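The structure under discussion appears below in the form of structure tokens.
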């Protein structure tokens, strides 16, 4: 009896000791954080002074013009190539679902972009979203939260890189199929996918000035194929097919090909615009490479979203008007696997369709270059703060000759090749790359916006930049927050209520796994090296120099020991 009692006492003591150790560990993890800098964009002397306020020295060259900042987002959106890759998703709810889904989804996406512009104008740094999460979150949770956002944003952009290049290969193979009837295997698709990434790595490993010029070229290519589409396809359709579909079909056809209700199928058909008008945070990631980023970043974000929203709406209207015999099922089951390719073939014939698909594929390839540039800057900035797991010390190095993060670019390509292995499973698994980009980016966009709205002391750190309107700030941010939550849920729904292994939407498993693993990794190991965004500055004789010490956060405005 006494022995049993003593054993019980020992068991309780052991349990209490374990709980105490766990509590101490959590307390240590949550209290291990860098200091918060004082940032006021409106009163900075110049771009370099503002970057010093944020906590970083100027390591990248500021070569991007306003047009090129706009161009990197506009190129990544790649309007016609992206619509070509995703039209079938919209048409599953009917032509009206595609058209009105684009219009509605585009409006709410613009709200997200305006919210991002408020933040980007206030604190223009390539780290962007994970920096904002750390800056506006209460101290107890800001470091683990910013770590999760940094991982989510990095993997989402990498998912975007993979999905864009997967779309490129699909478009290229569609052109070959139209020309020769040949269809590639999944191994051939993956081989071309990897070759595409490696060639983009070579093209992105040049000076900032040259990568900026790539954005100008991409704008020209995208505008050219859009104008060509608006002119050639309607003329060819009217000549070779006949009258266009009437407005009743274009705007009011809600024929439901899904097993969901017509209303929910209509909502699921918003995904083309949600996926297409994305990655506009790329403008923020380029903010350390443009002059006057507090103004150019908002122009790039809002300008690219607005342009793609309006022009894209007219593109989907033309697509709906040119569906032969109003037979949506026929174009969706096209041998090319792409609705737009079939519509172009009906209107212009096989030879012109091949030429058009090659042009679209070239524009899609340019999209991959642009998103790789933005991804490399995000990866570099996360590594600069010791956030990138395991390899941060190697990746955060800037090439001293051309001032470009070559190692971060190579790391991003390697990660893309690994994630692209999903192609070898099946097309459903490959399509998860699209969902990873959507849900991962939405979390990264939404969290900082929500934090600014909370009635906390941390939220009051927000000091507006030049792009700001006090009457729109709260309403737009509330709309953004609600929309982000809604779309994250939307992106996780399968196409039908009774999915099989072949038709399942794996977004919840993939993104949920990423977020959970990020949390577990941080609390088990990551906290040892990542303490939130940290300064790499110290003040010596009135000048700003690099320092390896993270003990102090020093700017011209504040010095604080953590």
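Counting begins at 1 with the first residue displayed.
Glycine is treated like the rest: Cβ placed from N, Cα and C.
The transmembrane segment annotation in TrEMBL covers 64-83 (among others). Tertiary neighbourhood of the transmembrane segment (64-83): same-chain residues 160, 164, 167-168, 171, 208, 212-213, 215-216, 218-219, 222, 225-226, 229, 272, 275-280, 282-283, 286, 289-291, 293, 296-297, 299-301, 303-305, 307-308, 311-312, 315-316, 319, 340, 360-361, 363-364, 366-367, 369-371, 373-374, selected by CB-CB distance under 8 Å and a gap of 6+ residues from either end.
Within the chain carrying the transmembrane segment (103-133), a Cβ under 8 angstroms from the stretch's Cβ atoms is held by residues 39, 41, 50-51, 54, 56, 60, 142, 145-147, 149-150, 153, 270-274, 277-278, 280-281, 283-289, 293-295, 297-298, 301-302, 305-306, 308-310, 312-313, 377-378, 380-382, 384-385, 387, 444-449, 451-452, 462-468, 472-473, 476-477, 479-480, 483-484, 533, all 6 or more beyond its ends. Here TrEMBL flags 103-133 (among others) as transmembrane segment.
Look at TrEMBL and you will find 145-169 (among others) tagged as transmembrane segment. Away from its own ends, the transmembrane segment (145-169) comes close to residues 76, 78, 81-82, 84-85, 127-131, 133-134, 137, 189, 192-193, 196-197, 200, 275, 278-279, 281-282, 361, 364-365, 367-368, 371-372, 374-375, 378-379, 382, 387-389, 412, 415-416, 419-420, 422-423, 430, 433-441, 443-444, 447-448, 511, 514-515, 518-519, 522, 526, 530, 532-533 of its chain (Cβ-Cβ under 8 Å, at least six residues beyond either end).
For 189-207 (among others), the entry in TrEMBL reads transmembrane segment.
With a threshold of 8 Å between CB atoms, the same-chain residues lying at least 6 positions outside the transmembrane segment (219-237) that come near it are 67, 70-71, 74-75, 78-80, 244, 311, 314-315, 318, 321-322, 343-344, 346-349, 352, 356, 359-360, 362-363, 366. According to TrEMBL, the feature transmembrane segment maps to 219-237 (among others).
Residues annotated as transmembrane segment in TrEMBL: 297-319 (among others).
Counting same-chain residues at least six beyond the ends of the transmembrane segment (354-375), those with a Cβ under 8 angstroms from any Cβ of the stretch are 71-72, 75-78, 80-82, 84-85, 154, 157-158, 160-161, 164-165, 167-168, 171-172, 174-175, 178-179, 196-197, 200-201, 203-204, 211, 214-215, 217-218, 221-222, 224-225, 228-229, 232, 279, 281-282, 285-286, 338, 340-341, 344, 348, 409, 412-413. If you look up TrEMBL, you'll see 354-375 (among others) marked as transmembrane segment.
Taken from TrEMBL, the feature transmembrane segment applies to 406-426 (among others).
What TrEMBL records for 432-454 (among others) is transmembrane segment.
The transmembrane segment annotation in TrEMBL covers 475-494 (among others).
Residues or ranges marked as transmembrane segment by TrEMBL: 506-525 (among others).
It is 189-207 that, among the stretches 189-207, 297-319, 432-454, 475-494, 506-525, forms the most Cβ pairs under 8 Å with the transmembrane segment (406-426). Counting residues 6+ beyond its ends, the transmembrane segment (475-494) has Cβ neighbours under 8 Å at 108-109, 111-112, 114-115, 118, 267-268, 270-271, 274, 435, 438-439, 442-443, 445-446, 449-450, 452-453, 503-505, 507-508, 511 in the same chain. Counting residues 6+ beyond its ends, the transmembrane segment (432-454) has Cβ neighbours under 8 Å at 86, 112, 115-116, 118-119, 129-130, 132-133, 136-137, 145, 149, 152-153, 155-157, 159-160, 162-163, 166, 271, 274-275, 278-279, 281, 419-420, 422, 462, 474, 477-478, 480-481, 484-485, 487-488, 491-492, 505-507, 510-511, 514-515 in the same chain.
Same-chain neighbours of the transmembrane segment (189-207): 61, 63, 161-162, 165-166, 168-170, 172-173, 214, 365, 368-369, 372-373, 376, 402-404, 406, 409-410, 413, 416-417, 420-421, 423-424, counting only residues six or more beyond its ends whose CB sits under 8 Å from a CB of the stretch.
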